[in-house]
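**Student:** Got a structure for you, written out below as structure tokens; questions coming shortly.
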Amino acid sequence: MTMTVIQGVLTVAAVAIGTMLTRFLPFLVFPESKRPPRIVEYFGRVLPYAMTGLLVVYALRDTPITTGSHGAPELIACLVIVALHLWRRSMLLSIAGGTIVYMLLIQLVF
Amino acid sequence: MAERGIRTRALRAAFPLTVPIALGFLFLGCSYGMLMGAKGFSFIWPMCMSALIFAGSMEFVTVNLLLSAFNPVTAFLLALMVNARHLFYGLSMLGRFKGLGWKRAYLIFGMCDETFAINSTARIPDGVDRGWFYLWVTLLNQLYWVVGATVGGLIGGNLPFDTDGLEFVLTALFLVIFLDQWVGESAGWRGHASALIGVLASAACLAVFGPDDFMIPSLIALIILFVALRPWLDELAPDRKSADVRHGDGRCDDADHADDVSDAKEETR
């Protein structure tokens, strides 16, 4: 560690405050007592869908598509998850199945 | 007594949904703690950072910040940018966190990706208190993460078995939540369109900007697309659209009207 403890604590505090600002800001701008503008309600309806989609992409962002395994383990594991989930609709089964397949693929095959 | 029953029922409804996150967070939190341990930090650091920052990717980034020159302003700005997606979570949860009293502040504090994904999509069973359900999901998830980070900080060294690829559990979680949203009755074609916009816009930005810099462009692209497509995608009270256009600023100033809209929201949840 190159910093003093105080500097380290200040750095962590700066990161914590920045993070909390992103979480609290919408609630500070649109307090409970005030009705948010219609467009904000519209965003509240469409964004959960879009953000889940974005999180899927975000989670797969480091997949090597042009090099190495070309993302084959990720693709196969995702297809397994989709198949399992459409078949049984069980969150735990789909997640466990997909993760185990992925671990086996990258440890034993690729 | 009654209050206790409410809490227990909410915990029973919430806990099963957090089990996959327990796996992912204990593992990822542990690897984060081990990383800090390997860099020479006492377990106190990952323990406090996981409790106070509670934003996984940013905590990994902070390890590097702590190892470079002291610059809290950069740290602050970096946290804002890396976590800008939380602004969207807040906008999505404005209505759902309404009227939850003291729980609300903690729910906002603890709204990480996984907690948001569950709380924004869960169909809360009848008879289960909404506030306590959200609170348990948030609290359990943070508990998993802090425990994982602390244990990792204490271990510092190697795990006895090959865990390569276990981090995929969180990818799997997001994908399953995505699928659940897709097949859910409340999605409709507008939900499908919104989901596809989310995937395609972020995938396009990922292709253009690369894995480290695509988040902010993606968020901007989403705002632009959703504003441009609002005439088609805005499903709230479509019969009142003409009235809103007349008001110009898009605000509802009629109290009854406001209640109708939140009732409609309640039903589709």
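In case you wondered, yes, glycine gets a Cβ from its N, Cα and C as well.
A quick note: this is a predicted structure, and the numbers were derived from the prediction, not measured.
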**Student:** Do you know which of B:13-35, B:59-81 TrEMBL annotates as transmembrane segment?
**Tutor:** B:13-35
**Student:** Could you tell me what the rest of the chain brings near the transmembrane segment (B:168-184), counting residues at least six beyond its ends with Cβ under 8 Å?
**Tutor:** 20-21, 23-24, 27-28, 113-114, 117-118, 121, 123, 191-192, 195
**Student:** Against which stretches of its own chain does the transmembrane segment (B:13-35) lie, if we need a Cβ under 8 Å and a gap of at least six residues from its ends?
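**Tutor:** Sequence-distant neighbours of the transmembrane segment (B:13-35): 43, 46-47, 50, 56, 59-60, 63, 114, 118, 122, 124-125, 128, 132-133, 136-137, 140-141, 144-157, 159, 163, 166-167, 169-170, 172-173, 176.
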**Student:** List, by number or range, the same-chain residues at least 6 past the transmembrane segment (B:133-156) whose CB is under 8 A from its CB atoms?
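**Tutor:** Contacts with the transmembrane segment (B:133-156): 10-11, 13-15, 17-18, 21-22, 25-38, 41-47, 49-51, 54, 56, 59, 96-97, 100, 103, 106-107, 110-112, 114-115, 118-119, 122, 124.
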